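See structure below.
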């Protein structure tokens, strides 16, 4: 199918579907505000009274970081670089196992509201304060971009008002967070996961019908080199290989699921540790479903535009606009379905923003207010509503509109800051002799290293021979463009970018740093921060008397916490019971033999 130079725009049915999604989300907040009038304390408001069960929390965990960036950017990533992105399904397994077996037991046992309370219990107040500030900065920055980026993409393609979408998203999120607390956030996430899957399916089903079946789409993808799953190239400079995704991706997502306040706050809200662990494992199924939908949507995108790439043809100005473009192209004759896809994209945004606002309110109360002031419970309850952070995130979206090419840099900071924090928490939970001096030194060292490579990569982006984008063409377009076919690396929006960078790198800048260190796959930014924090933290702790440290066992991982130990204990008990039964049977047989003779 050739791309059309003119695509449809939103009609009344599309606006109605989109508005209905916003109204239902707000209604859930109102419902829990009425039902939860007894939530008198800020802790009960922020933690859902620790009464949540596994299934809704699992779906909320899935929705929290499956933002509109997932709905829009992941298919575009598959379109340009291939389906190797699907290997994140393996990373998710490792992430869930590590999070449930290492981090969850310690946090749940301590009964903390803010993840960063642990840092003061384990290290000292200065470490807790630094960790909290790092989390707040990255979350406000990331959340503003999550609001703005999809609004920009959808505005330029569908004609939806940009600032109307930005402000309505921020206001609705803040409203249902403020009204209903964590329970409203969790149940709204459940609704929004359903909307995201429905939006994906509407596009996928229509594309499959247009292209003549799933087998045709897979054949087109294979012919175009998109089914590149098993690339075992060990070079750390390659953007996506089996190793960068399974190793680097595990670090990135463990920093989200293992220690990020938005996720930890959810599984700690479960009524038991069993429910908390179950929520993480059930969430794995949700992650796989969203990943499968987004990867296959990317393959549909390639199948539809394999002979006429809208980006290189100048019909969209950025890759993130490819999915909205295809939606308006293939669903324009079905009023309401484009609105459903836009609702899916914004459901991702709503779930991420609401999670962030609720988490920011929690860490502010527990880490910045309670330790330093004696605020009344009534004032704490009002602070927990998150009005300030809702406004800040909307404001951050306004600043993001001025960033231009720095949008990707800001998104990368989320992983760059998460890596050192993951190293710090791992140091505290896994290393009994790590002390406060080592923890603080490790955190600062890891942050410096990850910022160095992350910021350097923004100024000196990897060359195409390292990221290896797959071929795109416009030779099948049915209208006249400025050029019949050209490579995406010299696209209309980025003319000569990589040629210029190559010339700078070889002529004036440090060739080794630019061509090696700064060209590392972006998935290795987090492991660099984590491993540096661990290495420096361990060395400094040993040199500063860490071996003399006396810790409470509850602040580190104990063997009783792990599922493996539980299985071993259960197996041992069963073997013991079997042994007793066999001995009893032998005694009975012995008595019977004696009686007979």
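Heads up, residue numbers simply count up from 1 along the chain you see.
Glycine too: its Cβ is placed from the backbone N, Cα and C atoms.
Annotation comment: TrEMBL describes 54-73 (among others) as transmembrane segment.
The feature transmembrane segment is assigned by TrEMBL to 85-108 (among others).
What TrEMBL records for 129-150 (among others) is transmembrane segment.
The transmembrane segment feature in TrEMBL is assigned to 162-178 (among others).
Per TrEMBL, transmembrane segment is recorded for 190-209 (among others).
The transmembrane segment annotation in TrEMBL covers 240-259 (among others).
The transmembrane segment feature in TrEMBL is assigned to 280-305 (among others).
Per TrEMBL, the feature transmembrane segment maps to 340-365 (among others).
Sequence annotations record features per position, and here TrEMBL assigns transmembrane segment to 386-407 (among others).
What TrEMBL lists as transmembrane segment is 413-433 (among others). For the transmembrane segment (413-433), the residues of the chain that approach it from at least six positions outside its boundaries are 102-103, 106, 115, 118-119, 122-123, 127, 131, 134-135, 137-138, 141-142, 251-252, 254-256, 258-260, 439, 442-443, 446-447, 450-451, 454, 522, 525-534, 537-538, 541-542, 546-547, 549, 551, 555-557, judged by C-beta separation under 8 angstroms.
The annotation transmembrane segment is assigned in TrEMBL to 440-460 (among others).
Among the features that TrEMBL reports, transmembrane segment is placed at 522-544 (among others). Sequence-distant neighbours of the transmembrane segment (522-544) (same chain, 6+ residues past either end, Cβ-Cβ under 8 Å): 236, 239-240, 244-245, 247-249, 251-252, 255, 412, 415-420, 422-424, 426-427, 431, 433-435, 437-439, 441-443, 445-447, 449-450, 453-454, 457.
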Beyond the flanks of the transmembrane segment (129-150) by 6 or more, those residues with Cβ under 8 Å of it: 67-69, 71-72, 114-116, 119, 166, 169-170, 260-262, 320, 345-346, 348-349, 352-353, 356-357, 359-360, 363-364, 367-368, 389, 392-401, 407, 410-411, 413-414, 417-418, 420-421, 424, 440, 443, 447
Most Cβ pairs under 8 Å with the transmembrane segment (240-259), selected from 85-108, 190-209, 280-305, 440-460: 85-108
Spatial neighbours of the transmembrane segment (190-209) far in sequence, C-beta under 8 Å, 6+ residues away: 21, 24-25, 28, 56, 59-60, 62-63, 66, 71, 217, 286, 289-290, 293-294, 296-297, 300-301, 303-304, 323, 326-327, 330-331, 334, 337, 340-345, 347-348, 350-351
Chain residues outside the transmembrane segment (440-460) and at least six past its termini with a C-beta under 8 angstroms from it: 123-124, 126-127, 130-131, 134, 406, 408-409, 412-413, 415-417, 419-421, 423-424, 427, 501, 504-505, 509, 513-514, 517-520, 522, 524-526, 528-538, 540
